[in-house]
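Asks: The following feature annotations were taken from TrEMBL:
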TRANSMEM  6-29  transmembrane segment
DOMAIN    18-258  domain 'G-protein coupled receptors family 1 profile'
TRANSMEM  36-64  transmembrane segment
TRANSMEM  70-91  transmembrane segment
TRANSMEM  112-136  transmembrane segment
TRANSMEM  156-175  transmembrane segment
TRANSMEM  207-226  transmembrane segment
TRANSMEM  238-260  transmembrane segment
Amino acid sequence: LNPWDVMLCVSGTAIACENALVVAIICYSPALRTPMFVLVGSLATADLLAGLGLILNFVFQYVIRSETVSLLTVGFLVASFAASVSSLLAITVDRYLSLYNALTYYSERTVLCIHTMLAGAWGVSLCLGLLPVLGWNCLHDRAACSVVRPLTKSNVTLLSASFFLIFLIMLHLYIEICKIVCRHAHQIALQQHFLTASHYVATKKGVSTLAIILGTFGASWLPFAIYCVVGDPDYPSVYTYATLLPATYNSMINPIIYAYRNQEIQRSMWVLFCGCCQAKVPFRSRSPSDV
């Protein structure tokens, strides 16, 4: 057994378990049906599928050796990870809208916007996943292979370019969110004639959280995206594994950042597993800006 394949399988198992719990909690709790939790559920579903894809890839690689199965598995992984990254973008857009249009955020227009974003994200992800299955692969032309077989060089270039675009959009939106947060803190300070320590700490915490979110996303995916562009299929496969494994960790960290830190989900977990509810964690509808 290739130890790298074993680590990817273990990573996929952890990813699947973590995100399956998030999906179960959101489906179980009728209170978690707001646009914010719909987006978190979409992210958890995509990461759950990605984890299952890593497990299936390991099983089929060592049990059922077939070119058709290999294409289906790779396409499934591409679609799942693309849906995960797209859901992260949708969450970022939602957080920006909740601050930029705070007065009109809780409206039917917002719900329609969220559903449209998710439909577009999953539709594009499905199309990207179908490309290798429909013929955009290098099974019959080894010279066209990329560092991720059986994907072609042009295919991984398209995927990497899409990631870079999404990363730049998220970076821009998080910078704008930081500006809005700082401007709100300044307005509060003017109204109260001074900036209290609590306002300063809350603002600093919010900006730090946004930096951690974007930094985690970039640190996970940037090495693999860059290597897909500059790497050569003749390079040792260890380079591909060494950059792909951290990318999978993003799906492992996402539930912690976007789900388990949320008080409503923590409360629902107590209800789901204990049949009780802690009075110390009352339910209240929170906006995506509560990061």
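Placed from the backbone N, Cα and C atoms, the Cβ positions cover glycine too.
Any TrEMBL annotation is an automated prediction that lacks curation.
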Asks: Go through 6-29, 36-64, 70-91, 156-175, 238-260 and flag the stretch with the largest number of C-beta pairs under 8 Å relative to the transmembrane segment (112-136).
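Replies: Looking only at 6-29, 36-64, 70-91, 156-175, 238-260, the most contacts with the transmembrane segment (112-136) come from 70-91.
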Asks: By Cβ distance under 8 Å, which residues at least 6 away from the ends of the transmembrane segment (156-175) in the same chain are close to it?
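Replies: Distal contacts: 78, 82, 85-86, 88-89, 92-93, 95-96, 128, 146-148, 210, 213-214, 217-218, 221-222, 225-226, 228-229.
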Asks: In terms of Cβ proximity under 8 Å, which residues at least six beyond the ends of the transmembrane segment (36-64) contact it?
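Replies: 1, 5-6, 8-9, 11-20, 22-23, 26-27, 70, 73-74, 76-77, 79-81, 83-84, 86-88, 90-91, 94, 98, 114-115, 118, 121-122, 125, 248, 251, 254-255, 258-259, 262, 264, 286-288.
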Asks: Over the domain 'G-protein coupled receptors family 1 profile' (18-258), what does the predicted model average in pLDDT?
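Replies: Across the residues of the domain 'G-protein coupled receptors family 1 profile' (18-258) the model's pLDDT averages 86 on the 0 to 100 scale.
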